[in-house]
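Here is what Swiss-Prot records for this protein:
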type     : residues : note
ACT_SITE : LYS84    : active site, charge relay system
ACT_SITE : SER159   : active site, charge relay system
ACT_SITE : SER183   : active site, acyl-ester intermediate
Amino acid sequence: MSTPAHELCRLGLREAGAGVAAKAISSSELVEASLARIQATDGKLGAFLAVSADRARAAARAADARAARGERRSELDGVPVAVKDLFVTKGVPTTAGSRILEGWLPPYDATVVERLEAAGAVIVGKLNMDEFAMGSSNENSAYKPCHNPWDLSRTPGGSSGGSAASVAAGQVHASLGTDTGGSIREPAAFCGVVGVKPTYGRVSRYGVVAFASSLDQVGPLAREVGDAALVLRTIAGHDPRDMTSSTRPVDDYLAPLEDGARGLRVGVPREWLSGGLDAGVEAAVRAALDTYRRLGATLVDVSLPHSKYGIGAYYLIAPAEASSNLARYDGVRFGLRAADAKGLKEMYAESRERGLGAEPKRRIMLGTYALSSGYYDAYYLRAQKVRTLIRRDFDEAFRGCDVIAGPVTPSVAFKLGERTGDPLRMYLADIFTITCNLAALPGLSVPCGLEAASGLPVGLQLVGRPFDEATLFRAARALERELGPLPAPPEP
């Protein structure tokens, strides 16, 4: 008897892959279930910007043919996934959530897309996002907002909102996002899934539309810790096409996954729990920390004294890099062009005026100002010095602990439209996640329960030493195993 489509959509990634390998289910069945789920739910969710049904069906048939021959490329072989629309995909529209790239068909695939497809994963489409990854609510998408599966009136988080919502709603078994200041971890927390921002350089950025090149990093989102670990193991590793990618060997993240929390030293930054948190979020985070203590971990008080300056430093460094990266969108080589402009300068100005949204324009202005003559030392250079101090704080903290734990966000998912008129309040949603990017460290969000008042998910953030994602997965899995999975969100 075949498995009902809705049950196929809720399978874990590894479980689905094992079913294909055992010929208990086919990749084609999984893909058809995924496509049907997208068609049935995405009118309300808005998680997808493009669905590649024909390409996905062809990949599924190829996976089924391999299974029939007893071949298996990896544990992902034949499983439907999706990627944020920031990754270039050959022949498939890539917009970065912006009108200025509407209709652009890239001539090549991003490295992470190549690696997923080489592993046999079936990419069913491209996911909604804040324009050029600039935002914390997915409301900056030039095409449509994305909605949180737990409550359609709320944000899924940003900028990888579609990546989190699609996984939480069972549209796909895993997804890829990017994280520049919390853009994987915040949506993961808001949508009740696992989201991983790896160490800077662990995953190639080749073929990723750049926002802030010293901060951007690619990572997975999944419903289970082990599934996220498997996807990261698949996409990680050196890429000669990305000069910032590390040559350090990739660990087997699944090997220590079930080692438990006993013996781990969990650092708890006093600055992260000293105010500014909603009561329900703080209660869930403290309960998760108590769970670690019961499981045999030691809680260690640590200090990150310069973390309070992280928002200020980030919103000087990231816009400065964005003002340079986004200069290429001028109507000359690709993207929107103001064909009615009279002269070259007017074409530049009109193409950017019509093609870029309010948030990219705001950040370009911030960055250009920070880099301008007479202000560079006062703003940008000082922000880089603060970045160094933040990195040193983490170095000192890790002298006495193995992982650092705390909240991902100050609140659960907020209402759509609630903060769009107040950019500063929106920026503060990333107050606990930004320092991880500034210090180039790996970070992870794992569900730690539901807020009592709202019934919405709360995420626990775990931060590790450089390239020690394996310990993060071990710690996250220990909590996941003890607390059990969250219930599925309501049907849209």
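Using the three backbone atoms N, Cα and C, a Cβ is placed for every residue, glycine included.
Everything Swiss-Prot records as a feature, shown here on the structure.
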residue	record	DSSP class
LYS84	active site, charge relay system	strand
SER159	active site, charge relay system	coil
SER183	active site, acyl-ester intermediate	coil
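Distance between Cα atoms for SER183 (active site, acyl-ester intermediate) and SER159 (active site, charge relay system): 5 Å, as a whole number. The number of other CB atoms found within 10 A of the CB of LYS84 (active site, charge relay system), across every protein chain shown, is 30. Applying an 8 A CB threshold to same-chain residues 6+ apart, the list for SER159 (active site, charge relay system) reads GLY97, MET129, ASP130, ALA133, MET134, GLY135, SER136, ASN138, ASN140, GLY177, THR178, THR180, SER183, PRO187.
All protein chains included, the residue listed as 'active site, acyl-ester intermediate' registers 37 other Cβ atoms within 10 Å of its own Cβ.
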